[in-house]
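Notes for the one structure printed next.
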């Protein structure tokens with residue numbers, strides 16, 4: 001019965017990871033014929049650099065009286081999202097061709113700045129009805145098979161060849177708005193007495209056209225819709241034979257921006273309008289299932305190893321050791337055959353830097369609970385991609401609130417290792433991970449400020465982060481530590497001797513670093529496929545939506561870390577080496593080292609970052625991710641080993 005319930009729950013989470021995207025209360029917006037629509041512009045992004053820039057860093061057309069839209073949540077600010085109004089005018093169900101947005105005269109400095117953006121392959125992002133603009137692209141695999149997919153935004157320039165220095169300005173945009181007709185239903189929707197449409201698709205296609213006109217340009221013709229261009233006819237559209245507008249570096253240049261608006265009826269329902277963004281060509285469900293099967297095989301293998309140790313070896317050893325009627329020679333023989341029992345007076349001896357280990361364990365528990373809660377809410381559909389920044393906001397929110405278990409776990413182990421300075425231990429718990437992240441993040445922020453990037457977090461947001469850290473997280477950690485220090489220390493079955501036992505010489509493969517690095521391979525093998533998709537969604541600016549898969553893989557990772565660490569810890573004790581404390585943390589924590597190395601390989605093979613600054617920022621961001629991963633997996637391995645050792649030594653009878 002329990003297996004059936006687990007399967008049903010796993011299936012439910014997987015389905016929710018595909019179909020649940022909208023927060024409760026999010027309702028569609030109906031537009032009536034001729035109603036003016038608000039088109040928003042977002043940041044400029046590129047696959048070649050983590051830096052993002054404001055849309056109007058490039059001298060595009062700006063609306064009169066345009067305003068900057070305040071971010072909806074702190075996650076949007078941390079993600080570098082900047083939203084502003086645009087000069088493009090849309091009206092419901094009104095198609096137009098060759099409408100002039102504006103005419104710009106770029107200075108040589110503007111031209112050179114544009115060339116830098118074009119060389120870095122930046123794309124401009126826009127939104128309509130909270131739906132991102134996407135370009136329809138065609139991929140070809142190694143066998144020549146075509147795949148049709150969408151890519152967010154549009155390229156600001158067309159490049160003549162991949163490594164060419166010749167750029168063409170994409171100054172003409174064709175917008176295709178897909179809509180679904182709705183009839184009055186007498187509900188709470190806007191303007192229920194009139195028929196309307198729901199927007200279910202927003203596509204954009206960029207093109208370069210060297211526009212020509214006669215005489216002197218009338219600056220007011222765009223507002224009056226009276227501009228006449230030889231290369232773009234309002235009744236037929238752009239001239240297909242018109243030459244492209246080449247970017248001329250170090251020279252003054254005139255650019256006329258035009259656009260088309262096409263309204264196309266679609267049978268897509270409003271609730272399914274995100275499907276085209278979420279079902280990207282690079283996200284294949286079969287590959288995710290293969291990853292889960294692969295991880296499950298590894299988990300089953302390790303479970304068999306643990307079962308073998310617990311049910312056969314340990315059970316046999318304990319039975320022979322606990323037979324009181326045996327002779328003293330037989331008991332000594334049993335002890336010599338199983339060396340893990342010989343170190344019972346030293347196995348609970350506190351290690352060096354025991355306070356730091358306790359702090360790392362508490363911080364790892366905090367990050368562990370934060371990760372599980374975030375993925376659980378995402379899998380259930382509470383973190384919608386339509387709500388920008390919601391995922392990052394949830395991560396920050398859950399991290400701050402999980403200060404209580406962090407302080408509690410850290411305090412329990414600090415009391416166990418007899419740490420006299422409780423205040424220092426608690427303060428270290430509050431400062432370890434946020435302090436490291438803040439230093440790295442502040443360094444990245446200085447670079448972003450210097451480059452005038454929208455990735456730079458405003459000073460006011462930094463103050464808010466500091467208030468969350470010291471105003472909420474710190475008191476919660478101290479409260480958790482207060483509860484932990486009030487508890488009695490962990491009871492252990494074996495007393496610690498006054499004189500440490502000498503550890504016999506070990507084989508090379510049992511050295512701490514070799515066993516620790518070997519222990520991280522299996523957990524990494526269980527998750528590396530999913531790591532690829534997560535990295536692609538972050539750095540290639542795609543939407544990741546298979547949170548059900550990710551939650552399942554995360555559970556497999558946690559079990560794998562625990563079982564690998566328990567097996568290696570048992571082998572270490574059999575070699576009469578009782579220094580298991582830090583080694584158990586490093587054994588499972590070394591998985592983060594492989595994740596970090598894989599992220600470097602991914603950047604080299606997929607992102608093709610040509611500039612050292614972009615690579616430096618990428619390494620800084622991945623260092624924060626790797627450090628968090630190290631604390632999570634390390635804490636899991638350490639706690640599993642602690643429980644395992646208490647269990648096996650509680651089962652033997654000590655004279």
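Glycine too: its Cβ is placed from the backbone N, Cα and C atoms.
Just so you know, TrEMBL annotations are computer predictions that nobody has curated.
For reference, TrEMBL has these:
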type     : residues : note
SIGNAL   : 1-20     : signal peptide
TRANSMEM : 289-311  : transmembrane segment
TRANSMEM : 356-383  : transmembrane segment
TRANSMEM : 389-409  : transmembrane segment
TRANSMEM : 430-450  : transmembrane segment
TRANSMEM : 462-483  : transmembrane segment
TRANSMEM : 513-539  : transmembrane segment
TRANSMEM : 545-573  : transmembrane segment
TRANSMEM : 585-604  : transmembrane segment
TRANSMEM : 616-645  : transmembrane segment
- Kindly say whether the transmembrane segment (462-483) and the transmembrane segment (289-311) touch, using the definition of 3 or more Cβ pairs under 8 Å where each pair is 6 or more positions apart. no
- Long-range neighbours of the transmembrane segment (356-383), counting only residues six or more past its ends (CB under 8 A): 13, 16-17, 19-24, 390-391, 394-395, 398-399, 402-403, 405-411, 413-414, 416-417, 419, 425, 428-429, 432-433, 547-548, 550-551, 554, 558, 581-582, 585, 628, 631-636, 638-639
- Note on the structure: Residues outside the transmembrane segment (513-539) whose C-beta sits under 8 Å from one of its C-beta atoms, at least 6 past its ends, are 47, 50, 282-283, 287-288, 290-291, 294-295, 298-299, 302, 546, 549-550, 553-554, 556-557, 560-561, 564-565, 568, 571-572, 583, 586-595, 598-599, 602-603, 606-607, 618, 633, 637
- Item | Beyond the flanks of the transmembrane segment (430-450) by at least 6 residues, Cβ under 8 Å | 51, 359-360, 363, 366-367, 403, 407, 456-457, 462, 465, 469, 473-474, 477-478, 613, 616-617, 620-621, 623-624, 627-628, 631
- Task: Spell out yes or no: are there three or more C-beta pairs under 8 angstroms between the transmembrane segment (289-311) and the transmembrane segment (545-573), with each pair 6 or more apart in sequence?
- Result: yes
